[in-house]
Every structure is written in structure tokens, then in C-alpha cells.
Amino acid sequence: MQQQYPFRDIEQQAQQYWESNATFTATEVSDKPKYYCLSMFPYPSGKLHMGHVRNYTIGDVLSRFHRMRGYNVMQPMGWDAFGLPAENAAIKHNVAPAGWTYSNIEHMKGQLKSLGLAVDWQREIATCKPDYYRWEQWLFTELYKKGLIYKKTATVNWDPVDQTVLANEQVIDGRGWRSGALVEKRDIPQYFMKITAYAEELLADLDKLDGWPEQVKTMQRNWIGKSYGCEVEFPLAVGNGTLKVYTTRPDTLMGATYVAIAAEHALATQAAKDNPALQAFIEECKRGSVAEADLATAEKKGMNSGLFVLHPITGEKLPVWVANYVLISYGEGAVMAVPAHDERDFEFASKYKLPIKAVIKPAHGELELPLQAAYTEHGILFDSGDFNGLDFSQASDAIAAALAAKNLGKRRTQYRLRDWGISRQRYWGCPIPIVHCPSCGEVPVPAEQLPVVLPEDVVMDGVGSPIKKDPAFYETTCPSCGEKATRETDTMDTFVESSWYFARYASFDAHSSMVDERANYWLPVDQYIGGIEHAILHLLYARFFNKLMRDVGLVRHDEPFTKLLTQGMVLKDGSKMSKSKGNTVDPQELIDNYGADTARLFMMFAAPPEQSLEWSDAGVEGAHRFLKRVWTAVANHVESGIVAAFTMGDLSAELKAFRRQLHQTIEKVTDDYGRRHAFNTAIAAVMELMNAYAKIEGHDATTRAIRQEALENIILLLSPIVPHICHALWQALRPGTQLLDTRWPVANKAAMVQDEIELVLQVNGKLRGSMTVSRTLDKAAIEALAVQQECIQKYLAEGSVRKIIVVPNKLVNIVVG
């Protein structure tokens with residue numbers, strides 16, 4: 001065995017061995033408990049980045065650890081391959097998006113393999129391939145028939161740079177999540193998935209997810225946004241009809257002084273017909289930001305519509321204002337404005353000199369009038385007629401009952417969650433399987449005619465989608481009547497593909513169904529790993545899709561992911577690595593210069609997985625040095641002759657202490673990998689053990705047996721993190737055996753018991769020394785031994801021993817007087 005650490009050779013050999021032996025091929029035929037470990041699949045951008053390396057190493061460590069613990073492990077990999085960057089790259093490089101994507105997949109697959117991931121590559125999927133998206137189209141048609149997908153003209157978030165519609169979740173602080181452009185509002189016919197039909201279950205089932213970070217569950221709860229309130233109808237002052245609002249504070253109704261409506265509200269459109277100034281204001285609002293966070297902080301603007309409504313209880317005339325702080329998508333697109341008890345209403349009323357009427361005061365004390373700010377706490381009603389003196393709960397009930405008696409309101413539970421608009425005006429996505437027929441209207445494509453294949457040989461000119469200009473794609477016949485018809489040319493939001501891929505891995509080669517019975521063996525995913533930035537978007541959609549698949553009879557479980565680990569970002573110079581900042585490090589260079597094991601070790605040692613990791617060249621050097629130390633330690637031991645069978649004689653105190661540390665390390669590392677996912681402290685414990693190993697002296701049979709035991713266990717403990725070097729070193733230590741067929745070590749409890757303990761010695765409570773004694777020594781023997789110690793003898797001359805106090809396993813206090 002050579003003394004130098006030949007990382008390139010051993011990594012190539014290990015990877016070839018795993019591939020030729022199909023080591024990581026998963027099967028459902030097993031008597032072992034299953035463990036499905038999944039890291040969020042990558043977008044094939046062309047190159048791995050350090051975030052990928054970290055994400056996939058975490059998953060790989062857990063997969064390898066569980067395999068050695070006796071689990072039947074599946075760790076698959078695939079490609080989230082549709083999406084806008086492929087179109088942009090195609091325009092830039094004058095290639096078709098498909099060719100660019102497939103070329104990137106091949107390159108990145110090679111990079112992932114060079115990391116030594118324990119992946120079952122036979123399960124590889126690419127979401128842009130027809131054999132994948134045909135099932136997405138099939139599910140679309142099933143949901144369409146059930147009414148869970150519908151089409152309506154809606155005010156949508158329009159990204160003027162990417163030229164497409166964005167879901168609410170894809171608008172971050174008023175800007176497109178990918179382009180960063182300020183989002184506009186437009187009215188466009190869209191297909192929607194009825195995620196609101198599952199709002200209550202999506203909310204309630206969060207309580208089942210004990211293995212998820214609380215932060216992610218809180219973000220989803222807030223996004224779903226369940227609230228209890230009241231639907232209130234304000235009769236129009238002129239003509240028939242009412243203006244509906246939703247409020248969570250019915251107790252404040254008596255303080256309403258105007259009603260505010262969104263720019264897109266039907267009443268606003270009606271009022272603007274003869275009012276050019278109002279029409280111009282409405283257009284200005286539509287161009288504004290649509291993010292709730294922006295609405296909260298933006299300057300409040302409004303215009304009187306000239307319309308009036310009647311207060312449902314007092315009959316008082318209230319003006320209707322068009323306001324930029326009202327969302328058409330929440331409640332009814334209208335709010336009853338109570339300036340005295342709502343901050344936004346107060347700000348708006350103050351600006352436009354509208355009445356501010358206080359009707360709630362603190363339960364104890366008075367309200368200082370005139371108000372300098374809105375009083376938003378719950379309290380007691382006053383100046384509210386029959387409702388005076390009631391608290392929040394009593395007033396809410398009484399006012400709801402009064403409205404119901406007049407047929408002008410009722411109790412209502414409301415969700416902030418909106419239905420998911422999935423239509424995209426882009427080319428590189430899954431075609432929506434709908435045919436538009438002049439006679440039959442919208443007709444879903446029958447299952448036997450699926451997939452509707454996206455043509456891949458296209459020319460991107462940067463203006464719109466090529467399939468919208470391609471008669472060969474959109475000209476067709478109606479599946480229902482056979483007449484000439486046209487295909488839908490919008491494609492689906494790419495978040496649809498990633499909402500069910502976890503199930504397809506389990507039935508990767510199913511030809512007659514979306515998933516088959518194998519999915520019920522593997523699902524739910526035992527451990528899911530990905531960034532916290534997916535907390536709402538992807539993770540909510542995947543939970544929704546799992547329930548959709550359950551309800552069409554494809555899977556049995558309610559939730560897709562049992563445990564979730566959200567890994568932190570990789571930083572350099574304090575900020576996230578990015579091309580624009582020029583602070584990236586190419587993983588390929590790292591692997592070429594130091595090896596995949598060094599890259600993996602650094603990534604796992606530099607920080608706990610949930611925290612951000614700061615890149616450090618010195619840290620990489622340190623990781624490489626440590627692997628060299630391990631290699632050299634094994635090489636030296638092998639050179640002196642490996643120990644085939646342990647024959648341990650009586651151990652010296654030094655060897656006992658070392659063996660105790662060895663088995664304590666096994667126990668700690670097992671807990672760190674399995675329960676805590678604290679890979680950094682596991683590595684630190686093995687490093688400490690290596691330091692102790694270096695201090696062992698002697699070459700007798702017992703010492704060499706201890707060395708062999710230590711090195712074997714060190715290799716096993718490190719193998720999930722640095723599998724290549726461990727594969728090679730195990731063969732050197734145990735010729736003819738394979739590391740991956742070896743079970744995970746179990747700590748020897750007997751070896752961890754400390755035979756001897758150190759007791760502190762005190763005289764009259766003051767520290768005077770210490771002594772080492774057998775753990776089994778009784779109290780009388782300890783007392784006798786204590787007074788014989790040299791450090792105690794001189795104090796006994798000062799008087800007689802009056803009392804000896806022994807605190808078991810800690811100290812002996814001799815009272816002299």
C-alpha cells in the first residue's frame with residue numbers, strides 16, 4: 001500500500017466498482033425497512049455549483065449511513081428540465097432549448113457522478129421528456145373533468161421581461177422571482193388549479209409533520225392564512241344590488257365611514273365609464289406592485305368613485321373610494337373602512353380628510369380623542385347603539401346576528417390562499433392538453449392521444465412562443481366531433497413538474513400509469529433535503545399534488561415528505577456565491593485539485609447543515625490534510641501487518657482510556673448522523689479520536705489489535721462522508737471484504753465503562769489534591785485511602801479527623817479540628 005494519498009486513482013476505482021456492480025440499485029423486494037432519501041432535483045443549468053455539492057452530499061451521507069444501518073435505501077436523481085433559462089440561453093447561443101438542456105444534463109450528470117453519490121441512476125428522470133410529462137397531462141385532464149382545474153379571465157401578475165404570467169407565490173416584493181422586473185397586472189384567460197379546495201386539509205395536516213422545521217410550517221400556515229370573520233353586504237344607494245366585503249373585525253362595523261374597493265372591482269369599472277380621471281387612476285393602480293408587503297408600505301392613494309352605499313345597520317350613506325391598498329384577490333376585493341381601528345384606513349382617511357369615528361375603547365381606561373393613530377386592539381364598544389358595552393366576542397356575534405336577520409351578512413371562514421394559476425405564455429414547458437373546438441368548446445385531450453408532444457426542433461427569435469406561430473403544432477381536429485380545431489398553446493407552470501416527481505422515481509418505468517403500486521412501498525419520502533427558499537412554493541404545491549394523486553387513487557398516504565431538512569447557503573466573503581458578484585468557486589476545480597472526498601468533508605465539517613456555510617480555502621486544505629493523515633495511519637498499520645482476529649489481553653490504563661474514547665465516539669457519531677444531523681460535530685469527534693490514536697505507543701499484539709479495531713471503526717464512521725478513501729482503506733484493512741456490505745458499528749457498552757475514577761480531595765472544604773481509585777471501591781476503603789495520601793498527611797497534624805464526607809464519584813472532604 002503506497003504511503004501517498006492517491007485521491008484521483010482511488011476515487012475513479014471506487015466509482016467504477018460501484019457502477020459495474022450496480023451497488024446502489026434500489027429494489028422493492030427486501031425484508032429490510034425502507035428508507036427513501038431525496039434531495040431536491042437540480043435545474044440543468046450546465047454546471048454544478050457549491051450549493052448543489054452541499055445539498056447532494058447531505059443526502060448522500062444520510063443514504064449511506066442508513067444503508068449501513070440495515071435499511072433498504074433509495075436515493076434517486078433527475079432533472080427539473082423545463083423553464084425559462086433554457087429559452088434565454090437558446091436565444092443567446094442560437095440553439096434549440098431542448099439541445100441545450102440535454103447537453104447540460106449529460107455534463108452535470110458526469111459532475112454528480114464524480115462526487116461519488118450513492119444514486120440509483122436507472123431511476124433518472126428528465127421532466128422535459130414526453131414519457132414524464134404525458135402523465136402530468138393525464139392528471140390535468142382528470143382534474144379538469146372533476147372541476148379541480150378551470151379556466152377564467154383573471155387579473156394576473158405579468159412579468160414584462162420574461163413575458164409571462166407569475167403565480168402570487170412567484171412575486172417577491174413586487175418583482176418577478178426570476179427576472180427581478182417590476183410586475184404588472186393584466187387580464188388574461190388562465191387555467192387554475194383549485195388548491196383552495198384543499199386549504200383546510202393543507203393547513204390541518206401541517207400538525208402531522210413533526211419532522212419539519214417549525215419555521216417552514218409557520219410560513220405555510222401564514223400563506224394559507226385562515227381567518228374567521230363576517231361577510232357584510234352594503235346596499236347600493238342608487239339602484240339594486242349590494243357591495244360585499246369580508247372583515248375579520250365585525251365588532252368595528254359601527255365605525256365604518258367609507259368603503260374602499262380595488263381598481264379591478266366591477267363597481268370601479270362602472271364608475272369610471274363617465275369619469276376619465278378615475279379611469280386614469282385605475283390604470284395607474286393596475287400598473288402598480290401586487291405584493292402585499294409592498295401594499296402595506298406603499299403610499300396610500302385613492303379617488304372618490306362618486307358612488308354611495310348604505311350602512312347595513314344604520315342606513316347612513318357612505319362614499320365608495322377606489323384605493324390602491326385593496327387587493328382584488330383577497331375577500332371580495334372591497335373593504336369596509338374603519339379608520340379609527342385600522343392603520344391603513346387611518347392613514348388613508350387622514351390623507352383624504354375622511355371622517356374617523358371611534359367605537360372601541362380599552363376594557364380598562366378611556367380612549368384619548370381625537371386619535372393620533374388607529375386603536376387596533378380588542379376592547380369594549382361605545383357609540384355603537386344597541387351594541388354598547390359588548391366586548392369583541394359578544395359584539396362580533398351580536399352584529400353577525402343583526403346582519404343575518406336583515407339578510408345583509410353571515411359568518412364566514414376565509415383563506416388567504418388563492419387558486420394556482422398554471423398557464424404560462426412560454427414555449428419550453430409541458431403543453432396544456434386542451435383542444436379548442438368551434439362547436440364543442442374546450443375539450444380535454446383523451447388519454448389514448450397523450451402525450452401532446454412539445455416540438456423540440458424550434459427556432460427561438462426572442463418574441464413570444466414558437467408553438468403559437470407553428471400551425472403544425474396548433475392545427476388539429478376535435479377529439480369529440482372531429483371538426484377542425486386548435487390546440488392550447490400555453491404551457492404549464494414548471495412548478496407542476498416538481499410537484500410530483502418524488503412519486504415518479506418510485507415507479508420510474510411504469511408505462512400504463514402515472515405511478516404504480518411501487519409508489520406505495522417507497523412513499524412517503526423519509527428524508528427530503530432542500531433550501532428554505534422553497535418553503536412555500538414547491539413544498540406547498542408538492543403537498544397539494546400528493547393529495548390530488550391520493551384522491552384519484554394513485555397513492556395511499558396523505559403527505560409526501562416525513563422529514564424535511566433545509567440546508568443553508570454557501571457564502572463567500574459573507575454573501576451568497578453568484579456569478580454577478582464574482583465570488584463563485586467551481587466545484588470541478590475543487591474535485592480536480594483535491595478530490596471529491598475533500599470537497600465532501602469540507603462541506604460537512606464547515607457548518608451544521610441548516611446554517612449558512614462560509615467558504616474557506618484554508619478549510620479545504622485542512623480537510624485534505626486530515627484525509628492524508630488517515631491514509632498514512634492505515635498505510636503504516638498495514639505495513640506492520642494487519643490483525644485478522646482480535647486477541648486482546650489485559651489492557652493498560654492508556655489503552656483502556658483510548659478504547660473507551662473509541663466506543664464513546666461510535667455512540668456520538670451514530671447519534672450525530674441519525675438523530676441530530678450534526679455532521680460537523682461527528683467529524684470533530686473522529687478528528688479527536690485520530691489525535692488520541694497518534695499517541696498510542698507499542699507494537700505488541702494487544703496494542704496492534706486495538707489499533708486495528710480503531711482504524712476499522714474510524715473508516716466505518718467516516719465512510720458516509722468520504723466514501724472513496726474509505727472504500728480503498730477498508731480493502732487494505734480487511735482484504736476480500738467490501739465496506740458497503742459491512743454493518744454500522746455498535747458501541748461496546750462494557751468498553752465505555754470507566755474502571756477507575758478520579759476523586760477530588762478536600763480538607764475542611766479546601767482543595768488539597770486528588771486520587772485515582774477503582775470504581776468498585778466501597779466507602780470505608782475510600783476513606784482509609786484518602787487519609788493516607790501524601791497531599792493530605794501534613795494537614796492531619798493540625799488536629800484530629802472529626803469526620804470524612806464521601807460524595808460518590810466526585811470528592812472526599814476530610815473535616816479536621
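Even glycines carry a Cβ here, placed using N, Cα and C.
Residue ranges 376-380, 466-470, 576-580 are listed, and Swiss-Prot annotates 576-580 among them as motif ''KMSKS' region'.
Per Swiss-Prot, the range carrying the annotation motif ''HIGH' region' out of 42-52, 240-250, 405-415, 735-745 is 42-52. Helix, strand and coil residue tallies for the motif ''KMSKS' region' (576-580), in that order: 0 helix, 1 strand, 4 coil [DSSP]. Residue environment of Lys579 (ATP binding site) contains 8 other Cβ atoms, counted within 10 Å of its Cβ in all protein chains. When the motif ''HIGH' region' (42-52) is classified with DSSP, helix, strand and coil residues number 3 helix, 0 strand, 8 coil.
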